[in-house]
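Below is one structure, written out as C-alpha coordinates; comments come after it.
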Amino acid sequence: MDFLFTTIFFALLISTSKAVDPCSSESDGSDLSVIPIYSKCLPFTPPKPDSWVDTIINLASKDPQRVKYLSTLVAQKTTSVPIASGQNVLNIGNYVLRVKLGTPGQLMFMVLDTSNDNAWVPCSDCTGCSTKTFFTPNTSTTYGPMDCSMPQCTQVRGLSCPTTGSSACLFNQSYGGDSSLSATLIKDSLRLANDIIPNFTFGCINTVSGGSVPPQGLLGLGRGSMSLLSQSGSLYSGVFSYCLPSFKSYYFSGSLKLGPLGQPKSIRTTPLLSNPHRPSLYYVNLTGISVGRVKIPIAPELLAFNPITGAGTIIDSGTVITRFVEPIYTAIRDEFRKQVNGPFSSLGAFDTCFAATNEAVVPAIALHFTGLDLTLPMENSLIHSSAGSLTCLSMAAMPNNVNSVLNVIANLQQQNLRIMFDVANSRLGIARELCN
(Lines of atoms letter the chains of each structure in order from A and count residues from 1; the text may use other names and numbers.)
(Lines give C-alpha, C1' and ligand atoms only; values in the text may rest on other atoms or scores of the structure.)
Protein backbone atom coordinates (compact mmCIF):
# COMPACT_ATOMS: atom_id res chain seq x y z
CA MET A 1 0.00 0.00 0.00
CA ASP A 2 2.82 2.39 0.88
CA PHE A 3 4.62 1.46 -2.34
CA LEU A 4 1.48 2.13 -4.42
CA PHE A 5 0.89 5.51 -2.76
CA THR A 6 4.53 6.54 -3.32
CA THR A 7 4.41 5.51 -6.98
CA ILE A 8 1.20 7.53 -7.63
CA PHE A 9 2.61 10.58 -5.80
CA PHE A 10 5.78 10.73 -7.92
CA ALA A 11 3.81 10.13 -11.13
CA LEU A 12 1.52 13.05 -10.39
CA LEU A 13 4.46 15.25 -9.40
CA ILE A 14 6.25 14.61 -12.67
CA SER A 15 3.17 15.00 -14.89
CA THR A 16 2.07 18.28 -13.32
CA SER A 17 5.45 19.92 -12.74
CA LYS A 18 4.78 22.56 -15.41
CA ALA A 19 1.30 23.31 -14.15
CA VAL A 20 2.34 23.91 -10.57
CA ASP A 21 5.36 26.03 -11.50
CA PRO A 22 4.12 29.53 -10.55
CA CYS A 23 6.86 31.21 -12.56
CA SER A 24 6.50 29.18 -15.73
CA SER A 25 7.02 31.49 -18.72
CA GLU A 26 5.36 29.19 -21.24
CA SER A 27 2.12 30.59 -22.63
CA ASP A 28 -0.17 30.03 -25.56
CA GLY A 29 -0.09 33.75 -26.24
CA SER A 30 -3.72 34.33 -25.26
CA ASP A 31 -2.99 36.27 -22.08
CA LEU A 32 -0.41 38.43 -20.32
CA SER A 33 0.87 37.71 -16.85
CA VAL A 34 0.47 40.37 -14.16
CA ILE A 35 3.26 40.02 -11.61
CA PRO A 36 3.23 41.86 -8.26
CA ILE A 37 6.25 44.04 -7.64
CA TYR A 38 7.44 41.86 -4.75
CA SER A 39 6.88 38.53 -6.53
CA LYS A 40 9.64 35.90 -6.63
CA CYS A 41 8.86 35.54 -10.33
CA LEU A 42 10.27 38.92 -11.29
CA PRO A 43 13.14 38.68 -13.80
CA PHE A 44 15.12 41.03 -11.58
CA THR A 45 15.83 40.98 -7.88
CA PRO A 46 12.81 42.40 -6.01
CA PRO A 47 13.07 44.44 -2.81
CA LYS A 48 13.06 42.43 0.39
CA PRO A 49 10.38 43.77 2.71
CA ASP A 50 10.53 42.77 6.35
CA SER A 51 6.86 41.80 6.31
CA TRP A 52 3.73 42.10 4.20
CA VAL A 53 2.48 44.88 6.45
CA ASP A 54 5.63 46.86 5.68
CA THR A 55 5.10 46.09 2.02
CA ILE A 56 1.59 47.52 1.99
CA ILE A 57 2.68 50.57 4.00
CA ASN A 58 5.48 51.21 1.52
CA LEU A 59 3.19 50.82 -1.48
CA ALA A 60 0.49 53.03 0.06
CA SER A 61 2.98 55.82 0.68
CA LYS A 62 2.97 56.45 -3.08
CA ASP A 63 -0.84 56.83 -3.22
CA PRO A 64 -1.13 60.55 -2.39
CA GLN A 65 0.95 61.52 -5.42
CA ARG A 66 -1.07 59.15 -7.60
CA VAL A 67 -4.40 60.47 -6.34
CA LYS A 68 -3.26 64.07 -6.86
CA TYR A 69 -2.33 63.17 -10.43
CA LEU A 70 -5.70 61.52 -11.07
CA SER A 71 -7.56 64.54 -9.71
CA THR A 72 -6.01 66.68 -12.43
CA LEU A 73 -7.40 64.45 -15.18
CA VAL A 74 -11.12 64.72 -14.45
CA ALA A 75 -13.51 66.86 -12.49
CA GLN A 76 -14.26 64.74 -9.43
CA LYS A 77 -17.68 66.25 -8.72
CA THR A 78 -20.09 68.96 -9.68
CA THR A 79 -20.12 71.98 -7.42
CA SER A 80 -23.48 73.69 -7.01
CA VAL A 81 -23.47 77.37 -5.99
CA PRO A 82 -26.80 78.99 -4.95
CA ILE A 83 -28.25 81.72 -7.22
CA ALA A 84 -30.87 84.31 -6.28
CA SER A 85 -32.56 87.18 -8.06
CA GLY A 86 -30.58 90.34 -7.36
CA GLN A 87 -33.89 92.22 -7.35
CA ASN A 88 -34.76 90.87 -3.92
CA VAL A 89 -31.23 90.68 -2.48
CA LEU A 90 -29.58 93.90 -3.70
CA ASN A 91 -32.39 95.62 -5.63
CA ILE A 92 -30.68 95.09 -9.00
CA GLY A 93 -31.81 93.36 -12.20
CA ASN A 94 -29.01 90.79 -12.25
CA TYR A 95 -28.58 87.42 -10.58
CA VAL A 96 -26.22 87.01 -7.64
CA LEU A 97 -24.07 84.15 -6.33
CA ARG A 98 -23.26 83.51 -2.69
CA VAL A 99 -19.44 83.21 -2.54
CA LYS A 100 -16.66 83.73 -0.03
CA LEU A 101 -13.34 85.47 -0.57
CA GLY A 102 -10.19 85.24 1.54
CA THR A 103 -9.32 83.25 4.66
CA PRO A 104 -11.40 83.21 6.76
CA GLY A 105 -14.02 83.58 4.04
CA GLN A 106 -15.79 86.91 3.71
CA LEU A 107 -19.34 86.49 2.33
CA MET A 108 -20.14 88.46 -0.84
CA PHE A 109 -23.14 88.44 -3.17
CA MET A 110 -21.45 88.72 -6.56
CA VAL A 111 -23.31 89.20 -9.86
CA LEU A 112 -23.15 86.30 -12.32
CA ASP A 113 -21.97 87.70 -15.69
CA THR A 114 -21.41 85.44 -18.70
CA SER A 115 -20.24 88.31 -20.92
CA ASN A 116 -17.41 89.46 -18.68
CA ASP A 117 -14.09 87.78 -17.91
CA ASN A 118 -12.91 89.74 -14.92
CA ALA A 119 -14.01 89.56 -11.30
CA TRP A 120 -14.06 92.50 -8.92
CA VAL A 121 -15.43 93.42 -5.50
CA PRO A 122 -15.65 96.65 -3.48
CA CYS A 123 -12.79 96.89 -1.01
CA SER A 124 -12.54 98.80 2.24
CA ASP A 125 -12.13 102.57 1.76
CA CYS A 126 -13.82 102.42 -1.66
CA THR A 127 -15.02 105.83 -2.81
CA GLY A 128 -18.48 105.92 -4.39
CA CYS A 129 -19.37 102.30 -3.61
CA SER A 130 -23.07 101.83 -2.82
CA THR A 131 -22.72 99.06 -0.24
CA LYS A 132 -21.87 98.60 3.41
CA THR A 133 -20.29 95.21 2.70
CA PHE A 134 -16.66 95.43 1.67
CA PHE A 135 -13.87 92.93 1.15
CA THR A 136 -11.01 93.62 3.56
CA PRO A 137 -7.79 92.15 2.10
CA ASN A 138 -5.61 92.85 5.14
CA THR A 139 -7.68 90.53 7.34
CA SER A 140 -7.19 87.57 5.00
CA THR A 141 -4.25 85.22 5.63
CA THR A 142 -4.23 84.13 1.97
CA TYR A 143 -4.29 87.61 0.42
CA GLY A 144 -1.51 88.43 -2.01
CA PRO A 145 -0.70 91.74 -3.73
CA MET A 146 0.18 91.82 -7.43
CA ASP A 147 2.36 94.15 -9.44
CA CYS A 148 2.84 95.03 -13.08
CA SER A 149 5.59 92.45 -13.56
CA MET A 150 3.08 89.59 -13.23
CA PRO A 151 1.58 88.11 -16.43
CA GLN A 152 -2.03 88.47 -15.20
CA CYS A 153 -1.65 92.25 -15.40
CA THR A 154 -1.30 92.10 -19.18
CA GLN A 155 -4.61 90.20 -19.47
CA VAL A 156 -6.85 92.77 -17.76
CA ARG A 157 -8.86 95.16 -19.91
CA GLY A 158 -8.21 98.82 -19.08
CA LEU A 159 -4.75 98.19 -17.64
CA SER A 160 -2.70 101.14 -16.44
CA CYS A 161 0.91 100.14 -15.81
CA PRO A 162 4.16 102.05 -16.33
CA THR A 163 6.56 100.69 -18.92
CA THR A 164 9.17 100.04 -16.25
CA GLY A 165 9.15 99.23 -12.56
CA SER A 166 6.94 96.99 -10.46
CA SER A 167 4.12 99.21 -9.23
CA ALA A 168 0.66 97.93 -8.30
CA CYS A 169 -1.45 96.63 -11.18
CA LEU A 170 -4.24 99.21 -11.64
CA PHE A 171 -7.06 99.10 -14.19
CA ASN A 172 -10.15 101.09 -15.18
CA GLN A 173 -13.33 99.69 -16.72
CA SER A 174 -16.75 100.93 -17.77
CA TYR A 175 -19.85 98.96 -16.86
CA GLY A 176 -23.52 99.15 -17.74
CA GLY A 177 -23.02 101.97 -20.23
CA ASP A 178 -23.22 104.77 -17.65
CA SER A 179 -20.76 103.72 -14.92
CA SER A 180 -17.07 103.09 -14.41
CA LEU A 181 -14.72 101.72 -11.79
CA SER A 182 -11.03 101.74 -10.95
CA ALA A 183 -9.46 98.81 -9.14
CA THR A 184 -6.21 97.21 -8.06
CA LEU A 185 -5.51 93.64 -9.17
CA ILE A 186 -4.94 91.26 -6.23
CA LYS A 187 -5.18 87.52 -5.53
CA ASP A 188 -6.84 85.51 -2.77
CA SER A 189 -8.80 82.31 -2.20
CA LEU A 190 -12.25 82.04 -3.77
CA ARG A 191 -14.71 79.61 -2.15
CA LEU A 192 -17.59 78.30 -4.25
CA ALA A 193 -19.77 76.03 -2.09
CA ASN A 194 -17.18 73.47 -0.85
CA ASP A 195 -14.54 74.18 -3.51
CA ILE A 196 -11.62 76.54 -2.91
CA ILE A 197 -9.74 78.09 -5.83
CA PRO A 198 -6.43 79.38 -4.44
CA ASN A 199 -4.70 82.49 -5.77
CA PHE A 200 -7.79 83.63 -7.64
CA THR A 201 -7.04 86.93 -9.38
CA PHE A 202 -9.62 89.72 -9.15
CA GLY A 203 -9.98 93.46 -8.86
CA CYS A 204 -10.17 95.30 -5.55
CA ILE A 205 -12.37 98.33 -6.37
CA ASN A 206 -11.02 101.69 -5.19
CA THR A 207 -13.53 104.12 -6.76
CA VAL A 208 -16.90 103.87 -8.51
CA SER A 209 -18.72 106.39 -10.67
CA GLY A 210 -22.36 105.88 -11.67
CA GLY A 211 -25.08 103.60 -10.36
CA SER A 212 -24.78 100.46 -12.51
CA VAL A 213 -21.76 98.80 -10.88
CA PRO A 214 -23.04 95.79 -8.85
CA PRO A 215 -22.85 96.72 -5.14
CA GLN A 216 -20.95 93.62 -3.98
CA GLY A 217 -19.00 92.87 -7.10
CA LEU A 218 -19.09 90.69 -10.18
CA LEU A 219 -17.86 87.20 -11.10
CA GLY A 220 -17.00 86.85 -14.79
CA LEU A 221 -17.95 83.56 -16.47
CA GLY A 222 -16.92 84.57 -19.97
CA ARG A 223 -14.53 82.67 -22.22
CA GLY A 224 -11.37 84.77 -21.71
CA SER A 225 -8.14 84.09 -19.84
CA MET A 226 -9.18 85.87 -16.63
CA SER A 227 -12.60 84.24 -16.25
CA LEU A 228 -13.56 81.77 -13.55
CA LEU A 229 -13.37 78.85 -16.02
CA SER A 230 -9.84 79.76 -17.08
CA GLN A 231 -8.57 80.39 -13.55
CA SER A 232 -10.02 77.12 -12.22
CA GLY A 233 -7.90 75.17 -14.72
CA SER A 234 -9.01 71.56 -15.23
CA LEU A 235 -11.15 71.49 -12.08
CA TYR A 236 -14.41 72.03 -13.98
CA SER A 237 -13.29 70.84 -17.44
CA GLY A 238 -14.67 73.97 -19.13
CA VAL A 239 -18.31 73.14 -18.29
CA PHE A 240 -20.91 75.01 -16.26
CA SER A 241 -24.66 75.51 -16.24
CA TYR A 242 -27.18 77.62 -14.40
CA CYS A 243 -30.88 77.72 -13.63
CA LEU A 244 -32.16 81.24 -13.02
CA PRO A 245 -35.23 81.51 -10.77
CA SER A 246 -38.02 83.99 -11.38
CA PHE A 247 -37.42 87.58 -10.32
CA LYS A 248 -40.27 87.02 -7.88
CA SER A 249 -38.36 84.31 -6.00
CA TYR A 250 -37.12 85.50 -2.60
CA TYR A 251 -34.77 82.57 -2.04
CA PHE A 252 -31.46 81.25 -3.34
CA SER A 253 -33.36 78.56 -5.21
CA GLY A 254 -31.37 78.78 -8.45
CA SER A 255 -28.00 77.14 -8.93
CA LEU A 256 -24.72 77.42 -10.80
CA LYS A 257 -23.36 73.92 -11.46
CA LEU A 258 -19.65 73.74 -12.21
CA GLY A 259 -18.16 70.67 -13.89
CA PRO A 260 -19.45 68.02 -16.33
CA LEU A 261 -20.83 65.62 -13.73
CA GLY A 262 -24.38 66.27 -12.59
CA GLN A 263 -25.35 68.12 -15.76
CA PRO A 264 -28.57 67.02 -17.53
CA LYS A 265 -28.02 63.70 -19.30
CA SER A 266 -30.68 64.44 -21.89
CA ILE A 267 -30.22 67.97 -23.15
CA ARG A 268 -30.60 69.51 -26.59
CA THR A 269 -27.57 71.44 -27.78
CA THR A 270 -26.54 73.98 -30.38
CA PRO A 271 -22.97 74.92 -31.38
CA LEU A 272 -21.21 77.79 -29.63
CA LEU A 273 -19.60 80.17 -32.10
CA SER A 274 -16.29 81.89 -31.40
CA ASN A 275 -15.58 85.53 -32.18
CA PRO A 276 -11.86 86.38 -31.85
CA HIS A 277 -12.73 90.10 -31.74
CA ARG A 278 -15.15 89.57 -28.84
CA PRO A 279 -13.72 86.45 -27.21
CA SER A 280 -15.72 86.69 -23.98
CA LEU A 281 -19.16 86.42 -25.59
CA TYR A 282 -21.19 83.24 -26.09
CA TYR A 283 -22.46 83.43 -29.67
CA VAL A 284 -25.05 80.96 -31.00
CA ASN A 285 -26.59 80.57 -34.44
CA LEU A 286 -30.19 81.84 -34.27
CA THR A 287 -31.78 80.71 -37.55
CA GLY A 288 -35.37 81.90 -37.12
CA ILE A 289 -38.24 82.92 -34.83
CA SER A 290 -41.87 81.78 -34.75
CA VAL A 291 -44.92 83.44 -33.23
CA GLY A 292 -47.55 80.78 -32.78
CA ARG A 293 -47.58 78.77 -36.01
CA VAL A 294 -46.17 81.61 -38.08
CA LYS A 295 -42.48 81.59 -39.00
CA ILE A 296 -41.43 85.24 -39.08
CA PRO A 297 -39.91 86.36 -42.42
CA ILE A 298 -36.44 87.65 -41.51
CA ALA A 299 -33.67 88.64 -43.92
CA PRO A 300 -30.81 86.13 -43.39
CA GLU A 301 -28.23 88.89 -43.00
CA LEU A 302 -30.03 90.15 -39.86
CA LEU A 303 -29.39 86.81 -38.14
CA ALA A 304 -26.01 85.91 -39.66
CA PHE A 305 -22.94 85.62 -37.45
CA ASN A 306 -20.18 88.01 -38.49
CA PRO A 307 -17.06 88.14 -36.28
CA ILE A 308 -15.81 91.27 -38.02
CA THR A 309 -18.83 93.46 -37.30
CA GLY A 310 -19.90 91.59 -34.15
CA ALA A 311 -23.27 90.72 -35.70
CA GLY A 312 -25.14 87.66 -34.52
CA THR A 313 -26.87 86.43 -31.37
CA ILE A 314 -25.45 85.94 -27.88
CA ILE A 315 -26.72 84.33 -24.67
CA ASP A 316 -26.21 86.74 -21.77
CA SER A 317 -26.97 86.45 -18.05
CA GLY A 318 -26.66 90.17 -17.31
CA THR A 319 -29.17 91.71 -19.73
CA VAL A 320 -32.73 91.67 -18.34
CA ILE A 321 -35.00 91.46 -21.42
CA THR A 322 -34.24 89.92 -24.80
CA ARG A 323 -33.50 92.50 -27.46
CA PHE A 324 -33.37 92.10 -31.22
CA VAL A 325 -32.15 94.43 -33.93
CA GLU A 326 -35.06 96.70 -34.83
CA PRO A 327 -36.25 95.02 -38.08
CA ILE A 328 -36.42 91.62 -36.33
CA TYR A 329 -38.22 92.95 -33.27
CA THR A 330 -40.70 94.89 -35.40
CA ALA A 331 -41.57 91.73 -37.34
CA ILE A 332 -42.06 89.75 -34.11
CA ARG A 333 -44.18 92.49 -32.54
CA ASP A 334 -46.38 92.98 -35.58
CA GLU A 335 -47.17 89.26 -35.87
CA PHE A 336 -47.77 89.03 -32.13
CA ARG A 337 -50.26 91.91 -32.31
CA LYS A 338 -52.09 90.21 -35.19
CA GLN A 339 -52.77 87.21 -32.98
CA VAL A 340 -53.72 89.08 -29.79
CA ASN A 341 -56.74 91.33 -29.32
CA GLY A 342 -55.81 94.98 -28.74
CA PRO A 343 -55.83 97.80 -28.01
CA PHE A 344 -52.12 98.06 -27.19
CA SER A 345 -50.22 100.51 -25.02
CA SER A 346 -46.68 101.06 -23.77
CA LEU A 347 -45.15 100.56 -20.35
CA GLY A 348 -41.49 101.52 -19.85
CA ALA A 349 -39.35 99.54 -22.30
CA PHE A 350 -42.38 97.51 -23.49
CA ASP A 351 -44.43 98.77 -26.41
CA THR A 352 -46.92 95.88 -26.70
CA CYS A 353 -49.07 95.82 -23.58
CA PHE A 354 -52.70 94.70 -23.51
CA ALA A 355 -55.49 93.80 -21.08
CA ALA A 356 -54.54 90.83 -18.93
CA THR A 357 -57.94 89.29 -19.72
CA ASN A 358 -56.69 88.60 -23.28
CA GLU A 359 -53.79 86.48 -22.06
CA ALA A 360 -55.59 83.25 -22.97
CA VAL A 361 -55.10 83.89 -26.69
CA VAL A 362 -51.39 84.81 -26.49
CA PRO A 363 -49.30 82.76 -28.97
CA ALA A 364 -46.12 80.97 -27.93
CA ILE A 365 -42.81 82.37 -29.18
CA ALA A 366 -40.18 79.92 -30.38
CA LEU A 367 -36.49 80.59 -31.00
CA HIS A 368 -34.90 78.36 -33.61
CA PHE A 369 -31.18 77.61 -33.28
CA THR A 370 -29.01 75.20 -35.22
CA GLY A 371 -30.09 71.77 -33.94
CA LEU A 372 -32.32 73.22 -31.22
CA ASP A 373 -35.80 74.74 -31.02
CA LEU A 374 -36.73 76.57 -27.82
CA THR A 375 -40.41 77.33 -27.27
CA LEU A 376 -40.48 79.91 -24.52
CA PRO A 377 -42.74 79.15 -21.55
CA MET A 378 -45.45 81.80 -21.30
CA GLU A 379 -43.92 83.28 -18.13
CA ASN A 380 -40.69 83.84 -20.11
CA SER A 381 -42.33 85.85 -22.88
CA LEU A 382 -44.81 87.97 -20.88
CA ILE A 383 -44.52 90.39 -17.98
CA HIS A 384 -47.31 91.84 -15.87
CA SER A 385 -47.82 95.34 -14.54
CA SER A 386 -47.64 95.78 -10.79
CA ALA A 387 -51.40 96.27 -10.65
CA GLY A 388 -51.90 93.10 -12.67
CA SER A 389 -54.28 94.72 -15.16
CA LEU A 390 -51.78 94.83 -18.05
CA THR A 391 -49.71 92.10 -19.69
CA CYS A 392 -46.75 93.04 -21.93
CA LEU A 393 -44.60 91.24 -24.46
CA SER A 394 -41.31 91.10 -22.55
CA MET A 395 -38.97 91.83 -25.46
CA ALA A 396 -37.78 95.00 -27.13
CA ALA A 397 -35.72 96.43 -29.95
CA MET A 398 -32.09 97.30 -29.47
CA PRO A 399 -31.69 100.94 -28.35
CA ASN A 400 -30.65 103.28 -31.14
CA ASN A 401 -27.46 104.33 -29.33
CA VAL A 402 -25.88 100.85 -29.16
CA ASN A 403 -24.40 98.38 -31.63
CA SER A 404 -27.49 97.64 -33.71
CA VAL A 405 -26.19 94.40 -35.26
CA LEU A 406 -26.33 92.26 -32.08
CA ASN A 407 -29.27 90.21 -30.77
CA VAL A 408 -29.22 89.35 -27.04
CA ILE A 409 -31.12 86.44 -25.42
CA ALA A 410 -31.48 87.83 -21.90
CA ASN A 411 -32.09 86.48 -18.40
CA LEU A 412 -35.86 86.98 -18.28
CA GLN A 413 -36.20 84.58 -21.23
CA GLN A 414 -33.81 82.10 -19.54
CA GLN A 415 -35.68 81.78 -16.24
CA ASN A 416 -36.50 78.24 -15.09
CA LEU A 417 -34.35 76.70 -17.80
CA ARG A 418 -31.07 74.86 -17.32
CA ILE A 419 -28.60 76.61 -19.63
CA MET A 420 -25.40 74.58 -20.05
CA PHE A 421 -22.18 76.06 -21.43
CA ASP A 422 -19.80 73.34 -22.60
CA VAL A 423 -16.85 75.46 -23.68
CA ALA A 424 -14.55 72.45 -24.09
CA ASN A 425 -16.84 70.99 -26.78
CA SER A 426 -18.13 74.34 -28.12
CA ARG A 427 -21.80 73.69 -27.47
CA LEU A 428 -24.68 75.21 -25.53
CA GLY A 429 -27.53 73.12 -24.11
CA ILE A 430 -31.01 74.03 -22.90
CA ALA A 431 -33.35 71.89 -20.78
CA ARG A 432 -36.55 72.68 -18.90
CA GLU A 433 -36.01 72.91 -15.12
CA LEU A 434 -38.05 74.64 -12.41
CA CYS A 435 -35.78 76.32 -9.88
CA ASN A 436 -38.14 78.84 -8.28
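Using N, Cα and C of the backbone, Cβ positions are placed for all residues, glycine too.
Note that TrEMBL annotation is computational and uncurated.
The signal peptide annotation in TrEMBL covers 1-19.
Under the heading domain 'Peptidase A1', TrEMBL lists 95-431. Across the domain 'Peptidase A1' (95-431), the prediction's mean pLDDT works out to 92.
Residues or ranges marked as active site by TrEMBL: Asp113 (among others). Long-range Cβ contacts of Asp113 (active site) within its own chain (separation 6+, distance under 8 Å): Asn94, Leu218, Leu219, Gly220, Leu221, Gly222, Ser317, Gly318.
The feature active site is assigned by TrEMBL to Asp316 (among others). Note on Asp316 (active site): other Cβ atoms within 10 Å of its Cβ, all shown chains, come to 21.
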